[in-house]
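Student: Before anything else, here's the structure in question.
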């Protein structure tokens with residue numbers, strides 16, 4: 001339960017931070033939890049009031065946080081190989097994160113934007129994966145050094 005609660009808090013923090021940055025970039029002097037020029041932003045602006053938009057944004061950001069918080073369990077709570085776990089995690093994350101990113105109004109709803117989103121997602125995922133791989137390899141090497149010194 002704490003994992004879910006922490007995921008929601010993290011999702012809210014990141015979502016609010018990103019929305020503040022984009023609101024500053026738009027620089028019309030207003031706070032926009034969802035980019036008003038995005039596909040979903042236009043729908044929200046035309047059909048919802050400000051309170052409903054921020055409530056919806058908080059729900060979406062919280063769902064993103066939960067997804068990432070629970071996604072780690074694929075690696076720690078399964079008997080799958082590292083490769084299978086990585087492919088499963090990548091696929092599930094992309095399939096869940098993509099509609100949430102659309103609902104968050106992070107990009108226009110076009111084929112070109114979809115391709116750009118997938119490319120950026122792959123680059124970010126691969127970068128994080130490489131960093132984790134090198135960090136884990138370093139930790140294993142350090143443990144092995146300590147074990148060989150004790151013999």
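Cβ atoms here come from the backbone N, Cα and C positions, even for glycine.
Note that the structure is a prediction, hence the values are computed from the model and not measured.
Just lifted these from TrEMBL, have a look:
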TRANSMEM  12-31  transmembrane segment
TRANSMEM  51-75  transmembrane segment
TRANSMEM  87-107  transmembrane segment
TRANSMEM  113-132  transmembrane segment
Student: Can you name the far-off residues of the same chain, 6+ from the ends of the transmembrane segment (12-31), with a Cβ under 8 Å from a Cβ of it?
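Tutor: Same-chain residues near the transmembrane segment (12-31) but 6 or more away: 37, 57-58, 60-62, 64-65, 104, 106.
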Student: Please report, as numbers and ranges, the same-chain residues at least 6 past the borders of the transmembrane segment (113-132) whose CB is under 8 Å from any CB of it.
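Tutor: Distal contacts: 86, 90, 93-94, 97-98, 101, 106-107.
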Student: Please give the sequence-distant neighbours of the transmembrane segment (87-107): residues at least 6 beyond its ends with Cβ less than 8 Å from one of its Cβ atoms.
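Tutor: For the transmembrane segment (87-107), the nonlocal Cβ contacts are 15, 18, 34-36, 38-41, 44, 56-57, 60-61, 63-64, 67-68, 71, 74-75, 80, 113, 116-118, 121, 125.
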